[in-house]
Every structure is written in C-alpha cells, then in structure tokens.
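Here's what TrEMBL has on this protein:
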TRANSMEM  B:12-31  transmembrane segment
TRANSMEM  B:38-61  transmembrane segment
TRANSMEM  B:73-91  transmembrane segment
TRANSMEM  B:112-136  transmembrane segment
TRANSMEM  B:142-160  transmembrane segment
TRANSMEM  B:181-200  transmembrane segment
TRANSMEM  B:231-251  transmembrane segment
TRANSMEM  B:263-290  transmembrane segment
TRANSMEM  B:310-333  transmembrane segment
REGION    B:359-385  region 'Disordered'
COMPBIAS  B:366-385  compositional bias 'Basic and acidic residues'
Amino acid sequence: MSKNNILIAEHISMQFGGVLAINDLSINVGVNEIVALIGPNGAGKTTAFNCITGIYEPTVGKIVFDGHTVIGAFPKNRQKKDFLGTLPEHEIERVSNTPDRITRKGMARTFQNIRLFGNLSVIENVLIAKHTNAKQNVFSAVLRLNSSEEKRMLEESKELLDMQGLIEYKDERAGSLPYGLQRRLEIARALALDPKLLLLDEPAAGMNPQETHELTELISKIRDDYKLGIFMIEHHMDLVMGISDRVYVLDFGKLIAEGTPDEIQNNEHVIDAYLGVVEENA
Amino acid sequence: MKTKNKNSDKNKYRICSAAVFILCILLLIFLEANKYKYSYITGILVRSAIYALVAVSMNLVTGFTGLFSLGQAGFMAIGAYTVGILTIPVAQRPAVYYMNGISPVIEKMYMPFWAAIIAGGIFAAFCAALIGIPVLRLKSDYLAIATLGFSEIIRAFIASPQLNKITNGSYGLKNIPSFPNLYTIFGICAVCIALIVLLINSSYGRVFKAIREDETAAQAMGINLFKYKELSFVISSFFTGIGGGLLAMFMGSIDSKTFQIALTYDILLIVVLGGIGSVTGSILGAFLITSGREWLRFFDEPLTLAGINIPLFRAGFRMVIFSILLMAVVLFYRKGIMGTNEFSWEAVFNLFKKRNSAGAGSGRSDIQDNHSDDGVKRILNDREA
C-alpha cells in the first residue's frame with residue numbers, strides 16, 4: 001500500500017498562537033487515486049493544504065512526497081511547551097522546503113480564491129507553468145536560441161487549453177474570463193507542470209450544478225489521462241461522493257472519519273459534525 | 001477576405017515602421033553632419049536616449065517584475081565612474097587628479113570606451129547582485145527605501161576622502177572623452193533597449209510578469225521568487241550601469257553630486273509618465289520630459305505684455321510649471337501615456353479612421369500634430385473603455 005502512495009502526511013499539527021488549526025492529521029493519497037478532504041467551514045482544510053504545499057510550515061509533522069521527505073517539523077523548547085496537541089512518540093527529523101521547490105518535485109495546486117495572473121493572457125498563464133520544466137537559460141532565451149524549446153512549450157500549452165475547452169480564449173486576458181473558465185484555466189495551468197499529484201482547493205466553489213457536473217467528468221478524465229493522484233477539498237457532496245475513491249472528514253482540525261464515500265455517508269460522527277449533535281439534556 | 005486585409009494591414013504597418021526608422025537614420029545623419037550648428041538639440045536628444053535606456057531598465061524591475069526599486073542613481077554612478085576612471089587618457093590623468101594624486105593601481109589602467117562601458121555595466125550588476133541578496137527579501141515600500149539608501153551610500157562612498165586617489169573625491173572626474181560620433185551613442189542605446197525588449201518577451205519576461213501579478217501563485221508554479229527577482233534586478237542594474245557610463249561620456253565631467261536622488265526621481269518620473277509596464281511609454285516619456293524641460297525655458301525669461309511685467313516669469317518658474325504639469329498627469333492620467341500597452345501602428349491608424357469619420361471638417365495637419373502624445377492617449381482611452 002505505502003509503496004504506491006504518492007503522498008503520505010503523518011501527524012500533521014499546525015498551531016497559530018493559541019489555536020490548534022490542525023491536530024494530528026494523517027493522510028495518504030495513492031497514485032491514480034482521487035481523495036477528498038471534507039469538513040465544515042473552519043475545520044482546517046485549507047490550512048492542511050497549505051502545510052502540504054509548503055506555504056505554511058507545520059508545527060509538527062512529516063510529509064513524504066514521491067518517496068522523499070519534503071517536510072519534517074518537530075517543536076523545540078518554548079514551542080514544545082506551548083504546544084496544545086499531542087506529540088508523536090518519535091521525534092521527527094527537520095526538513096524544510098519552499099513551495100516552489102515542492103512544486104518542482106511534482107506537486108501542483110489550485111487555489112480556493114482563484115489566483116490567476118489576471119493581466120496576462122490565457123496562454124501566457126499556461127506558458128509560465130511550462131517555464132519551470134523548460135531547458136533554457138537567460139542568454140539563450142534573450143537571443144532566441146531556444147526557439148525549438150519555446151515552440152514545444154507553445155504546442156503543449158495549446159494542447160492543454162484545447163483539452164480544457166479554452167483554446168478559443170487563448171489571447172484573452174485571464175482576468176476577464178467568466179468564473180467557471182477561470183477555474184478550468186487554473187487546472188490547466190497546474191497540469192502544465194506535469195505533476196504527479198494535483199491538489200484542488202474547492203474546485204467547484206461558486207459553480208452551478210451544470211458546471212459542477214462538467215467538472216466532475218473533467219476531474220475523472222484528468223485522473224485517467226494523466227495517471228496522477230488527485231487530492232481535493234470540496235463542499236459539493238455530489239461531486240465528492242461521485243468520483244472520490246476515499247474521503248477524509250476533518251472537524252475542528254481533527255480527523256473524525258475516513259473511508260469510501262458510502263462509509264462516510266453513513267458515519268455518525270460525520271452526520272453530527274455537519275448537522276450538529278442532539279444534546280440529550282437540552 | 002479578412003485574412004487578406006490583415007496581411008495588407010501588416011504590410012502597411014511594416015512600411016510605416018521602416019519609414020520612421022529611415023527618417024530617424026536620416027535625422028541622425030543630418031545632425032552628425034551639422035553637429036556644431038545644432039549642438040543644443042543634439043545634446044537634448046542624446047540625453048533623452050540615455051534616459052530612455054535607464055528608464056526602460058528601471059521599467060524592467062518596477063513595471064515588469066513589480067519591484068519598486070529606487071537605486072538607479074547609485075548604479076548609474078557606478079557605471080559612470082567606472083567608465084570615467086578607465087577612459088580618461090593616461091596623459092591627462094595627472095591634471096585631473098592634481099589635488100589628491102592618483103593611485104598607482106589605476107594610473108595606467110586604460111580601456112577603449114566600449115570595453116569600459118561594458119565593464120561599468122558588469123560592475124553595477126555585480127554590486128546589484130550583492131545588495132540584492134538582503135534587500136530583495138523586502139517588499140514594496142521597504143524595498144524602495146532600502147535601495148534608495150543604497151544609492152546614497154554609493155554616492156557618499158564615491159565622495160569619501162579615503163577614495164580620493166581613485167574617484168578624485170569631491171573634485172569629480174573630468175576630461176572623459178566623448179563618443180566618436182552620434183551613431184555610437186544612439187546605436188548603443190538602441191541595442192540595449194532591444195535586448196531588454198527581447199528579454200521581456202521571452203519566457204523569462206513572462207516569469208517576471210507572473211511575479212508582478214501574484215507572488216504566491218508564481219511560487220505555486222515552481223518559480224523560485226528570489227532567483228528571478230535577483231535576475232531581473234541584476235540585469236536592470238547592468239543596463240543602468242551602461243546608461244551611467246554613457247552619461248559620463250556625454251557630460252565629459254562628473255562628480256558625486258551628479259548622481260543625487262534627484263536623478264532617480266527624474267527616471268522615475270519618466271517611467272511613471274510613460275506608463276509603468278510599457279517600454280515604448282518609457283522611451284516616449286524620456287524624450288518628452290527631457291525636451292519638455294528645455295522647451296519650458298520660455299517661462300524662465302521675464303515677460304512683458306502690453307507694457308506690464310508679468311510677475312511670475314523669472315528663473316526657476318519653469319520648474320514650477322513642469323511640476324504642475326506632472327501633478328496634473330498623475331492626478332488625471334494615472335496610468336501614464338501608454339498605461340501597460342505598447343505602441344502599435346494599428347492603434348494609430350484606428351485613431352485616424354475614427355477622427356476622419358467623426359469630423360470631416362478637421363484638417364489633416366491637426367491630426368499630424370497630435371499624433372505623438374495626445375493621439376496615443378486617446379487610442380488607449382478607447383481601448384480601455
């Protein structure tokens with residue numbers, strides 16, 4: 001099992017001051033698997049994403065991506081004394097990586113509040129992602145000695161846009177696209193990095209049922225075409241239940257359930273977390 | 001049918017560009033031939049070209065990478081002093097350094113001007129690389145303050161008595177040889193600007209723009225923010241250094257006061273007025289501001305109208321008018337002349353079409369007059385709307 005896991009996160013905790021945003025979260029995502037992370041608002045889903053992608057440095061935890069430890073954190077001295085959660089038994093070796101380095105190892109993400117390069121054209125957005133894996137240097141780029149490389153980048157970007165149905169908008173300003181298309185462009189841009197794992201932060205936020213349905217198909221298609229792992233945060237239950245292989249449920253920073261969509265739908269803790277607990281003495 | 005039209009349009013634009021290019025060359029040949037007769041206007045044009053180069057390289061950092069840096073004067077000083085020290089003829093050096101004496105290290109160091117200019121650029125780039133390591137971790141205003149401070153440190157350093165034997169301290173350098181001809185100076189500026197434009201339009205330029213748009217998203221695209229910021233900063237400083245070297249050759253004598261903060265502000269003005277993020281805007285801005293300042297000399301002379309002495313017209317009033325004009329531009333035309341757009345013949349022709357169909361009575365000469373600045377503004381207004 002663990003051999004086929006592209007992402008393994010162990011004992012992740014993230015404390016902001018006196019708030020424990022994530023408490024001892026352990027997650028794994030397999031190659032070619034769609035995994036969803038759900039939970040009520042403020043449960044710590046996006047924080048978990050930011051820890052995995054290196055934007056935040058977690059207080060405790062270890063993240064292994066594609067067989068390499070990319071992040072390891074363990075509190076010391078003062079931080080250890082102030083830590084509110086439970087520490088794992090063994091100390092974790094410290095490893096830290098910047099978000100761009102983690103991305104270059106093959107982890108691509110989209111953002112909850114779309115973060116496109118709004119004033120650049122649609123195709124430029126994708127080309128910027130392509131730059132990361134291009135073989136060139138400043139001099140060859142300035143003197144146009146890299147034209148074959150540039151041509152390849154352009155072809156591949158066009159292909160990606162074509163797949164996402166964005167090719168007709170390729171010269172439009174990215175910021176002027178309608179919302180649904182901006183989401184698609186963000187996914188295209190992430191795919192341009194040739195990732196091994198794709199993290200989607202609420203890909204269906206603000207979409208209508210029709211768009212959500214299309215997105216569901218798109219996500220399964222991406223998984224099948226690119227053979228990559230997909231880890232997503234989502235609120236739309238029909239999307240999550242429709243395509244996920246496994247679902248994790250987070251509430252107040254703690255993992256309260258894990259399993260197949262069917263198991264989750266009938267899990268008492270999950271129902272309590274979403275609908276509230278009936279207090280006996282009320 | 002449509003594609004055919006497009007092609008013929010393209011050819012038309014090409015012919016226009018070629019015509020303007022040939023006109024510029026002819027103007028250059030004319031000025032070169034009558035150098036002494038038109039030395040005043042030639043001087044303005046040369047200064048404009050140098051400022052255009054520095055403004056475009058500042059635009060690379062400020063407009064395209066989104067780093068608000070105010071270190072231009074410092075990097076220009078580095079380039080200028082490098083060129084000065086390396087190109088003053090060896091025979092004249094004792095006369096230049098007669099107060100402090102000359103350090104034996106540089107006494108016999110001589111380079112042809114082109115090598116000295118490149119050396120100046122490289123030295124400026126080297127200093128930028130060093131200063132960039134701590135400073136580029138800062139953002140927006142803090143970066144501006146830090147680079148401004150750096151620029152002042154360079155100036156103080158150059159004027160310091162400890163360096164008297166190298167920089168000639170507060171006496172400055174003189175007898176710096178000028179350019180062999182006008183083609184050299186304009187050629188160097190044109191090549192440098194062309195290189196910057198090639199960079200901006202390359203894959204690296206796209207990365208710079210991505211950093212300007214959204215740093216977090218750029219990082220999520222695998223872009224090492226520090227590496228690319230440093231790259232942009234170093235390249236910009238290289239060309240700023242070259243600009244400083246050219247300025248030294250143009251002026252013939254320099255001292256540390258030449259490179260005060262006011263010089264940075266001049267460049268900043270050009271960039272803002274031309275449009276932050278527009279290369280052609282910076283070039284246009286450089287020529288407009290540098291020459292505008294001279295045209296406004298009219299206000300410096302006392303004026304008597306119908307026997308009455310108009311009170312405000314005297315030395316210095318020109319700068320008041322100039323400042324008011326700038327304020328008006330910044331208040332009412334915040335994006336500058338070009339905004340983030342580049343000059344294109346298409347826009348100019350569209351303007352002609354619109355005007356011609358709108359006012360059949362308006363004369364052609366009127367259109368021609370307004371073509372350079374007002375016209376472009378209008379086109380861009382239309383485009384934005």
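Our numbering is plain: 1 for the first residue shown, then up by one each step along the chain.
Using the three backbone atoms N, Cα and C, a Cβ is placed for every residue, glycine included.
Automated prediction, rather than curation, is the source of TrEMBL annotations.
Model, not experiment: these values are computed from the prediction.
Most Cβ pairs within less than 8 Å of the transmembrane segment (B:263-290), among stretches B:12-31, B:73-91, B:112-136, belong to B:73-91.
Pairs of Cβ atoms less than 8 Å apart link the transmembrane segment (B:112-136) most often to B:231-251, out of B:12-31, B:73-91, B:231-251.
Of the candidate ranges B:12-31, B:142-160, B:231-251, B:231-251 has the most C-beta pairs within less than 8 angstroms of the transmembrane segment (B:73-91).
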